[in-house]
Amino acid sequence: MNMATFLRGFEEKGLKNDRPGDQFSKEKKKILFSFCEVCNIQLNSAAQAQVHYDGKSHRKRVKQLSDGQPPPPVQGSVPLLAGPCPCPGPGPNTSTGSACHTTTLPALVRTPTLMMQPSLDIKPFMSFPVDSSSAVGLFPNFNTMDPVQKAVINHTFGVSIPPKKKQVISCNVCQLRFNSDSQAEAHYKGSKHAKKVKALEATKNKPKMVPSKDSAKANPSCSIRPGTGDSSDKSEDKGKIKATSSSQPSGSEGGSFLLKSGTTPLPLGAIASPSKSTNGAPGSVAESEEEKAKKLLYCSLCKVAVNSLSQLEAHNTGSKHKTMVEARNGAGPIKSYPRPGSRLKVQNGSKGSGLQNKMFHCEICDVHVNSEIQLKQHISSRRHKDRVAGKPLKPKYSPYNKLQRSPSILAAKLAFQKDLMKPLAPTFLSSPLAAAAVSSALSLPPRPSASLFQAAAIPPALLRPGHGPIRATPASILFAPY
């Protein structure tokens with residue numbers, strides 16, 4: 001008897017009275033072989049059910065049930081009913097029968113248990129929301145935990161930590177952004193940042209020292225009209241200037257630019273520089289340069305930037321700075337002379353260090369240089385330093401011999417060279433042996449002793465060949481058998 005026929009007969013017997021339609025019978029049939037309660041396995045077809053019921057695992061579980069031992073529980077299984085095994089099996093006539101030899105069971109006993117099984121469409125795990133506040137409440141020390149523990153709890157319970165905003169550290173002076181406090185600290189302590197801050201401070205202080213054109217336009221007291229107008233305009237301007245001078249305090253910055261009554265109008269260039277209008281002495285200019293150098297920590301004469309006032313003082317007391325100051329003033333051994341054709345440039349251009357477009361002469365070393373850069377290089381050279389310190393000159397290395405040569409030796413050498421350069425007679429080269437002898441004699445180096453050259457030079461008659469034919473040397477003979 002086949003398993004499929006058995007299931008069909010079981011369905012006809014069990015569902016004879018309650019068959020509302022074909023669709024309901026198909027569902028019941030599907031439920032019968034869709035699930036095995038003993039092994040808790042879902043079966044999808046009759047052939048799959050036949051193979052499962054004939055297997056060893058199913059027989060073993062059925063044997064355990066028949067002996068009264070409950071099989072090991074399976075997760076998600078439904079408790080078994082008391083009684084014989086609910087799985088169908090072949091009849092007694094079959095050759096390979098199942099261990100469960102029960103015949104048919106009533107449909108009322110078996111159907112409700114099968115109807116209680118979950119269908120294939122139901123998900124085994126259902127997601128349920130977990131409140132984040134409850135998870136934090138479970139862990140009272142959640143805020144003080146390690147970041148690894150927090151990450152594990154967040155992944156498990158879904159606790160979301162609000163993302164922290166990244167702190168942006170930037171330098172508005174240098175237009176830079178930093179990733180950490182250590183980077184920002186290193187930048188603020190650096191020389192580049194300090195130089196830019198000093199340059200900004202210098203630009204802020206400049207409008208206070210020198211009035212700009214806009215401020216001159218805004219303040220009628222500082223604006224001076226040229227003296228080419230009518231007399232009525234001049235009187236009005238003088239009245240305005242007197243009124244403003246009486247209203248402004250004497251200690252204000254703008255008071256130094258006001259004109260006194262009865263003075264002639266000055267050009268705008270004289271008003272723009274307060275140091276010139278107050279005192280034209282060179283001492284005040286030098287003081288202002290020192291003050292600027294202290295503010296900016298920069299020596300405009302030597303073009304050297306320093307980081308502190310102590311470094312600036314050490315530089316000012318150094319020999320290089322003093323030498324440059326002496327070169328500018330012309331008081332030391334280095335004298336400065338104006339370069340030809342550069343007077344117009346000096347008048348039109350800015351002052352600077354006062355050493356532009358000049359030539360310099362070092363009297364100690366007797367050296368002329370053409371620019372300020374060359375002067376600095378010469379001052380820092382070893383030659384100038386040794387001369388200033390009074391050290392003797394070091395001899396320069398030369399590959400040539402510096403022995404003093406006597407005039408007699410030089411005269412003898414010149415006479416011998418002249419004799420060798422004279423044209424020889426044609427009989428001199430009459431034979432190859434004589435030519436070889438002459439060439440070998442000419443190639444000999446002259447002896448250094450002066451005793452050979454005290455007499456007259458060797459006459460050319462001594463170099464002539466002797467009387468009679470001279471036999472030439474025979475050529476070598478090679479023996480070749482083939």
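Cβ coordinates are placed from backbone N, Cα and C, and glycine is handled just like the others.
Listed features, source Swiss-Prot:
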- 231-240: compositional bias 'Basic and acidic residues' (COMPBIAS)
- 1-105: region 'Required for induction of apoptosis' (REGION)
- 54-75: region 'Disordered' (REGION)
- 106-482: region 'Interaction with p53/TP53' (REGION)
- 189-259: region 'Disordered' (REGION)
- 268-287: region 'Disordered' (REGION)
- 331-352: region 'Disordered' (REGION)
- 378-397: region 'Disordered' (REGION)
- 34-64: zinc finger (ZN_FING)
- 169-199: zinc finger (ZN_FING)
- 294-328: zinc finger (ZN_FING)
- 360-390: zinc finger (ZN_FING)
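Across 34-64, 294-328, 360-390, the stretch most heavily in contact with the zinc finger (169-199), judged by Cβ pairs under 8 Å, is 294-328. For the zinc finger (294-328), the DSSP counts in helix, strand and coil order read 21 helix, 4 strand, 10 coil. With DSSP states grouped into helix (H, G, I), strand (E, B) and coil, the zinc finger (169-199) comes out at 18 helix, 6 strand, 7 coil.
Counting residues 6+ beyond its ends, the zinc finger (294-328) has Cβ neighbours under 8 Å at 191, 194-195, 198-199, 201-202, 205, 334-336, 352-355, 360, 375-376, 379-380 in the same chain.
Per-residue pLDDT, averaged across the zinc finger (169-199), gives 89.
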